[in-house]
Ligand SMILES: Cc1cc2nc3c(=O)[nH]c(=O)nc-3n(C[C@H](O)[C@H](O)[C@H](O)COP(=O)(O)O)c2cc1C
């Protein structure tokens, strides 16, 4: 997720081993073959990549995402990424940002399914020749859902090994609800595995999204940032036959935020940027957690890092324990 998920976030969120894989922010492809430093900036894990491709410190695979519209440029950059060690590529056809869409990237390609197919085919050809895979990240359409099936079929025909579908059109932005039942229509139309995405904030939403879409797998976005134990919560529920982990206490959330800040400080990031990244993360948490909402209100005008961290770590009313299993 652009501006939110970087290598540090990936390391923190995959630390408990509950994620199957994670994805980089998109690498924006215009026309030229980008230099290695651009790929390494988006995916520092490439520097250590072995035959399994880039991995987080807990060996969770990292998929490298490209965003662009020109098939030749996408293919050239896919080749570059693979040369640098990427083994899993993803193409972004979901970004709703006006600037990106004006330059014919992200969701704008959904208006013309054949272009989705061409972009995927160009990258899939390179990927197949080099032993890598390509997936496609789609929305249900640009303005309306009538193109949803055509886009998914085009991506599959182009050679996508998996489709991840954010269950909204571009016009719907991030407004609830996500139309998980629409993903079921896509699933019925294609043979490639389909992963449902959008508004999976809780265990209950996870189950509802799976039930309505018929998908076996989900992609977690903001929900993982709001509750860094969401994937673990889902896994525990599955493995235990219905036992629920206790709600994530504020202390555990605050610890993740503080670790994130410590990583950024260690990397030499300027304080004002760390402050803004922390507030951005807290902003995503606050909609789902009363304590995070209270902290956000109290700290939203704070511009210095030390008092912000002190305000996050200040003891909450609850005990500082790691979420422990409780009976269903
Ligand atoms: C700030 C932000 C940045 C995002 N950046 C990307 C991105 O770079 N690539 C991508 O495929 N999706 C991106 N997304 C979309 C998410 O991957 C996801 O599809 C969307 O947020 C819906 O899922 P969620 O409700 O679980 O967050 C972004 C979303 C947000 C809120």
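Yeah, the Cβs are placed from backbone N, Cα and C, and that goes for glycine too.
Any TrEMBL annotation is an automated prediction that lacks curation.
Database features (TrEMBL):
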- 1-287: domain 'DUS-like FMN-binding' (DOMAIN)
- 28: site 'Interacts with tRNA' (SITE)
- 65, 137, 197, 198, 199, 221, 222: FMN binding site (BINDING)
- 92: site 'Interacts with tRNA' (SITE)
- 95: active site, proton donor (ACT_SITE)
- 174: site 'Interacts with tRNA' (SITE)
- 279: site 'Interacts with tRNA' (SITE)
- 300: site 'Interacts with tRNA' (SITE)
Residue 174 (site 'Interacts with tRNA') as reference: those binding-site residues from 65, 198, 199, 221 with C-alpha within 10 Å of it: 198, 199
Listed recorded positions with Cβ under 6 Å from ligand 1, out of 28, 92, 137, 197, 222, 279: 92, 137, 197, 222
Euclidean distance between Cα atoms of residue 95 (active site, proton donor) and residue 221 (FMN binding site), Å: 13
For residue 279 (site 'Interacts with tRNA'): intrachain residues, at least 6 apart, with Cβ closer than 8 Å: 296, 299, 300, 308
Set of same-chain residues at least 6 away whose C-beta sits under 8 angstroms from residue 222 (FMN binding site): 1, 201, 284
Binding-site residues listed as 198, 221, least Cβ neighbours within 10 Å: 221
Pairwise C-alpha maximum, in angstrom, for the residues (65, 137, 197, 198, 199, 221, 222) that bind FMN according to the record: 21
